[in-house]
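Contents: one structure, followed by commentary.
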């Protein structure tokens with residue numbers, strides 16, 4: 001089993017990152033380099049979280065071997081036996097051989113740092129650029145990132161000059177490397193505590209509120225009102241941008257040098273706008289015949305950037321509106337079925353997507369009723385209590401992990417108890433649950449936050465390339481300090497435990513933080529205590545109240561604006577529900593008509609086909625006759641038709657009365 005656990009987790013984490021990226025990104029429409037870079041960033045960060053518990057168990061076993069080797073001992077198979085106390089050091093099932101983990105961590109860490117500080121910022125500017133060629137996009141990206149890269153180079157150069165001039169400093173390359181790592185981790189830890197303080201409170205509270213059907217339905221109405229406003233704004237913005245594109249398309253004709261740029265812009269427009277602009281296009285007019293002022297390539301690149309953004313935003317709001325409607329309809333169905341006497345879940349609308357037959361077989365209407373109306377609220381309450389307990393343990397440990405005598409951090413107590421018995425399964429499970437909960441609190445906040453329309457991770461393949469790359473940057477910057485914070489909570493970091501023991505392979509590549517003692521002994525220890533203040537602020541929704549005062553409508557139960565938006569959203573959902581019902585009623589009538597008269601239509605159609613075949617055969621027979629006969633017959637038929645038309649008298653609709661009886665008519669024949 002040596003190394004097998006490492007290989008299995010590497011494969012599992014890859015498919016996990018691929019699944020999440022498929023949920024938020026769009027593999028068909030987005031650039032392949034964007035998908036690959038984001039996938040690599042997410043994969044490396046998730047990999048660090050999943051592999052670190054294996055590093056902890058391997059380090060504990062190596063410490064046991066060092067303790068055994070320092071005293072008389074005898075070897076016996078897969079474990080080493082201490083002679084005086086008969087202590088056994090069992091090799092863990094997930095043991096990773098020496099030399100693998102340091103290389104693995106070094107490759108993973110420096111690759112993630114290269115992504116977050118160099119490659120991903122450049123790709124952000126490249127993806128957001130409106131250039132019409134690869135060279136133009138690269139040039140725009142370099143110009144936008146010149147200030148970004150120049151600031152870091154200026155700080156680093158000033159620091160090197162200061163070290164070279166000052167005789168009191170004699171830093172080696174390893175120490176400079178450690179200083180760079182400490183600077184990156186300090187920036188990441190500053191953001192980590194902010195996100196962690198929000199997630200520790202909001203995740204248990206969201207699950208507790210998930211058991212309240214009325215709360216969820218009111219919040220869905222609130223979201224519907226806000227999303228309708230955003231949807232209308234996106235449609236209006238798209239109309240304005242398309243009007244500009246139409247003017248540019250009409251001014252720049254087919255033989256203009258910039259026509260290729262205009263065609264590139266038109267390809268990014270929705271199909272209905274492309275057809276409309278194509279009909280109004282006059283390609284026969286020469287652009288040199290009229291002395292007009294034509295837009296420059298720079299202005300076209302700006303317009304191209306606006307078109308990409310407006311089309312993406314319009315498509316996202318449309319998809320989110322449909323998803324929100326389905327969610328609102330389902331919550332209303334749950335509220336109606338709670339008082340059902342048959343205990344069978346009845347849907348107002350049938351699912352538009354085909355259901356899996358296996359799920360449909362087991363998840364019957366009766367099972368759905370018991371789960372949605374009885375079991376699910378209690379399950380969410382129990383889960384919320386468990387998550388709240390974990391949050392309290394994390395907050396307590398963050399405030400006390402610097403204390404080594406006595407050990408106050410509960411995570412360190414759990415690991416040390418398991419270390420005495422060398423129960424590696426328990427050690428790995430405890431480490432995995434701890435770091436997994438910390439990661440959920442931090443990463444879920446990254447997925448939830450929204451910075452206007454600048455950064456927003458939208459599910460169902462609606463996230464733009466810029467937001468995907470930005471999330472990859474955040475993950476790569478947050479994961480290393482998150483792992484160091486976890487090792488500090490469990491006292492596996494020698495800087496915290498103050499023990500001269502073998503460090504983990506992950507800590508060894510970070511170097512000794514004693515080079516910067518004010519960071520190692522000050523900031524890393526006392527700054528995480530700020531999570532208590534952030535948790536209190538999140539519990540009382542201080543951030544939400546501040547945003548509400550600034551004019552950004554947030555869901556608050558005691559706000560008049562929230563009540564107005566809830567009423568507006570309820571009316572919008574009711575209107576969409578009536579529209580959906582009319583559509584289904586029309587489809588049902590057409591289906592019933594087809595089932596009732598479908599056979600008659602088929603028989604009538606077959607008779608019509610048979611008659612057409614007879615007429616065609618008759619016409620072919622007449623065509624084979626001499627032309628003179630056909631001509632005379634045709635002329636005679638035409639004369640008879642003219643005579644009948646002459647005999648018929650027109651009907652006077654302007655007369656005072658119309659006699660319905662043909663026998664009493666004076667004009668009858």
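Using N, Cα and C of the backbone, Cβ positions are placed for all residues, glycine too.
These features come from TrEMBL:
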type     : residues : note
COILED   : 224-251  : coiled coil
COMPBIAS : 582-617  : compositional bias 'Basic and acidic residues'
COMPBIAS : 618-634  : compositional bias 'Polar residues'
COMPBIAS : 635-644  : compositional bias 'Basic and acidic residues'
COMPBIAS : 658-669  : compositional bias 'Acidic residues'
REGION   : 576-669  : region 'Disordered'
TRANSMEM : 6-21     : transmembrane segment
TRANSMEM : 33-52    : transmembrane segment
TRANSMEM : 103-126  : transmembrane segment
TRANSMEM : 146-165  : transmembrane segment
TRANSMEM : 177-201  : transmembrane segment
TRANSMEM : 378-396  : transmembrane segment
TRANSMEM : 425-446  : transmembrane segment
TRANSMEM : 466-489  : transmembrane segment
TRANSMEM : 523-542  : transmembrane segment
>> At a C-beta cut-off of under 8 Å, are there same-chain residues at least 6 beyond the transmembrane segment (33-52) that contact it? List them, or none.
In response: 6, 9-10, 12-14, 16-18, 20-21, 25, 27, 104, 108-109, 111-112, 115-116, 119-120, 123, 127, 431-432, 435-436, 439, 465, 468-469, 471-473, 475-476, 478-480, 482-483, 486-487, 506
> Between 0 and 100, where does the mean pLDDT of the coiled coil (224-251) sit?
Replying inline: 93
>> Using Cβ atoms and a strict cutoff of less than 8 Å, what residues sit near the transmembrane segment (6-21) while being 6 or more residues removed from its termini?
In response: 35, 38-39, 42-43, 46-47, 50-51, 54, 94, 96, 100, 104, 468
> Of the stretches 103-126, 466-489, 523-542, which racks up the most C-beta pairs under 8 Å with the transmembrane segment (378-396)?
Replying inline: 523-542
